[in-house]
Amino acid sequence: MDKKEQVAKTIIENLGGKANINNAWHCMTRLRFDIKDESLIKEGAIKDIPEVVGAQNQNNQYQIIIGTDVDDYFQPLAKELGIDEDGTESDGKREKRGLVAMFMDIVSGVFGPIVPAIAGAGMIKGLIAGLVALKVISDQSPTVQVLDMLASGVFVFLPFFVAISAAKIFKTNQYLAVAIAASMQYPTMTAAVAAGNVKAFHLFGFIPIPVFNYAGTVIPIIFSVLVLSYVYRWVDRLLPRVLRTVFTPTFSLFIGGLIALVIIGPIGIYLGDGLAWIVQGLFKISPIVAGIVVGAIRPVAILTGLHHAMTPIALQNFANQGYDMLMPMMFMANMAITGATLAMYRKAKTQQEKSVIISSALSGLLGITEPALFGVLTKYKRALLAATIGSAVASAFISAFGVRIYGYILSSIFSLPAYIGKYFIFAVLGIIIAIAVSFVAGIFLVKKPGDDESEKSEETELELAAVTTGEYIALEQVADQAFASKALGDGYAIKPDRNEVFAPVAGVISTIFPTKHAIGITTPSGVEVLVHMGIDTVSLAGKPFETLVQVGDKVGTKTQIASMDIAEVASAGKDITIMVVITNMDKIKAMPKEQKATYTAGEEIGFIALS
């Protein structure tokens, strides 16, 4: 069993087993599940899986954030569940859902699988726009025509893609769904739209079929396929088994197709136009306010999985007016998330954390922000607020100058060529503003380690540093049974080769023993650390020791707290080993392991996992 198969199996087990999974699918970065009994989910165990960036329940849909390689994990998961890549068949009653939850389920389920096609085509559109704007090639050249066929085909025939995806969500026949989409885009219909002199066809002379341009639309076909799913089941239930093979698809296509052409399609067009009208109205009232609202919502929408709701609106804008102003704001949001993530680099305490931050920021530049949001920004207090501020400011800026885009494209740094032309300079300035504002906001809103005591108390780990320079000794090997047995707590010991003694953790001096041989430090998270200088040195009455701090002083791992004359301690026949012990182990989940034979004072030994 390889690693990805093991991860898939672990995820299924912690979701309550195969029997508890009603449906499963994925988008670009998340595994999505429809769970029968959410009380069976072991969320803590899921989040502990190293490959999992985050997990959450949104709108009764359980999401496990993996990252850009989510498909690599979904394939073994689908195999383990005994399904194909499109999802599982429901074998149990789903929990009752509200309309908003149902809508978000449908939108995320429909658009998740087709995003790669849309994103790929969008990138080619951006390339075309850049080459034409830079006058590298003519917009009338055969090269542009061929590239445009590759890019525009997806958007012209988008209802076909949506039909397949929606059929999988609604669990109906995919080919019948495509047949209905094809009827809505049949040349007779498109020619009538182009001519402009035909308002409707009349079936049997009295049933009007309104003429609309369904190319590039999504809402009409989604609802048409939804109706088809009910029609198909109804017809299949009514017909005798012997007639179903031929007549179920016949009647389903006839009835479902007519309902789509006569009722659902036109309603979907009006609904889509209404959504686009509302958005455009907001821009007409105040582009700046529109930018602030959309920009502020976008990072939180991605975090909660609600960001797919903007996709049909953007696509409807392209279909209605040939351009969209929402997508540039999505672009700014991604850049703001990247800027806020980079600001957290100074907050990181380990090389691993720094590596995660850099890789997450790079993913953000490429348009994939979940690793940054779930792997970085949610870990640090106010970091998400910094991203929201940067996104709102940058979106307001580009909206004020009317920045728009003329084709769907993934919101990544590589989509910038699509803006070459009238709005290019404002798009570039918007990127700079998004990254700079969120970065600066992150610097000011999120403190460095040790700067914000209330924030530190919420941390899940604590840096443990070398108390002095010398030879590392496992605590169980020291020549004092009270410490070696760990009766006082766990920790480590160092045999020093110099007199200086430093704080092993950041915190506040809480205790100084009268004989000066022991000092207590309490961290902001409540961990109590004892620094004990020498073994059986209490009998020396403090003579070889000098304390350099007082109770109440704040210290860091670079702060010298005491001095021990190791020559004098040794000449008195005492062991000079310094012990560092956590005295309230109930706050500790795991201790770091020994890494080296010797350490330098203040050098990182490892991190204590807090419970």
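Keep in mind that glycine also has a Cβ here, set from the backbone N, Cα and C atoms.
According to TrEMBL, the active site, phosphocysteine intermediate annotation covers Cys27. Under the heading domain 'PTS EIIB type-1', TrEMBL lists 5-87. Positions annotated as domain 'PTS EIIC type-1' by TrEMBL: 105-457. Marked as domain 'PTS EIIA type-1' by TrEMBL: 480-584. As annotated by TrEMBL, transmembrane segment applies to 99-124, 144-163, 175-194, 214-232, 253-279, 285-306, 326-345, 357-377, 384-403, 423-446.
Applying DSSP to the domain 'PTS EIIB type-1' (5-87) sorts its residues as follows: 33 helix, 24 strand, 26 coil. On the 0 to 100 pLDDT scale, the model's mean across the domain 'PTS EIIB type-1' (5-87) is 81.
Break the domain 'PTS EIIA type-1' (480-584) down by DSSP state and the numbers are 14 helix, 47 strand, 44 coil.
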